[in-house]
């Protein structure tokens, strides 16, 4: 069967993967309202395409933190990719590099920063969870820097793990033949079986709940790498991120895996962009499955987007070739959306190219 869009990989992954693994990748928190909303919210934004513009040449290239990439579509950090495919993060790194875009490696990867660096050239960011033991954090950041990673994406929405009921039912734990490679030498790479979610128990034991704005500043004292604050959903926190010295902001609700009933990231985006006032770039992850979604995010002021689950599903289905195909399909759809909207470069995509349901005058309730 010819795969014609990104979403089709999910069904294939569901057939191929053990239930515990698929459910871990696919599920959101509690009622999974935000999980659905991350997708659904995109459908409430419509296009205002402009016509009779010469779109014979379209340029998708952009720069992120000074690094030139082929398109504003990048790879979000997702944990434990070797559960999806034996090549795991290696395959993802090679696919991102081939597509000329950025891969973000998870702290909880099943391949280490050094191993991912060994796959060859490419622009890579490192996603950081802050452990209670700050020496572990400092060591990890130094290793990422030495391995040629170009930025730190600091996840700030996970002082505790969200309640993911599928993981509790399945008693999720990392399969015995895998470890969290970045922590292997520190005796923090193993996840014990628990009565509920093994990952939730691991987080409760290791991740620092005291994490605060002062730690964003502390991080800047131990690394020269730019820091992206990942997990911002409000104007207030956007302003505080910039005050704390962040080089950029990622509007993210952790793939709807943390607090349920937060808004979809595409709904939160404009508030954050307005608060940032162009001082730092704002990115988005969550729910992107089409090139049209990418365009909508850019029209609302995002400098680029990150995809997570589509990478895992395509990795499970077809390994590196699957991830390459997902990036290519999104690129092709996005380019087509630009052409049909009358935009020849990213700078031509404006807020006037879309209309959102919140732009329309709301009917007054009858008294």
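Backbone N, Cα and C atoms are what each Cβ position is placed from, and that goes for glycine too.
Taken from TrEMBL, the feature domain 'FMN hydroxy acid dehydrogenase' covers 1-359.
Contacts of residue 257 (glyoxylate binding site) defined by a Cβ separation under 8 A and a same-chain sequence distance of 6+ are given as 27, 28, 29, 35, 162, 164, in order along the sequence. If you look up TrEMBL, you'll see 24, 129, 164, 254, 257 marked as glyoxylate binding site.
Within 10 Å of the C-beta of residue 79 (FMN binding site) there are 20 other C-beta atoms, taking all protein chains into account. The annotation FMN binding site is assigned in TrEMBL to 77-79, 106, 127, 155, 230, 252, 285-289, 308-309.
Marked as active site, proton acceptor by TrEMBL: 254. Long-range C-beta contacts of residue 254 (glyoxylate binding site), restricted to its own chain and to partners at least six residues apart, with a cutoff below 8 Å, comprise 155, 157, 158, 162, 231.
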Which of 24, 129 has the fewest nearby Cβ atoms, counting only those within 10 Å, among these binding-site residues? 129
Just report the maximum Cα pair distance in Å for the recorded glyoxylate binders 24, 129, 164, 254, 257, no decimals. 19
Using only C-alpha positions, which one of 79, 127, 289 is spatially nearest residue 24 (glyoxylate binding site)? These are the binding-site residues in the record. 79
Near residue 127 (FMN binding site), which residues of its own chain have a C-beta under 8 A away, given they sit six or more steps off in sequence? 77, 104, 105, 106, 107, 152, 153, 154, 155, 230
Take the C-alpha atoms of residue 287 (FMN binding site) and residue 129 (glyoxylate binding site) and report the distance between them in angstrom, rounded. 22
With neighbours defined as other CB atoms within 10 A, the best-packed of the binding-site residues 164, 230, 289, 309 is 230
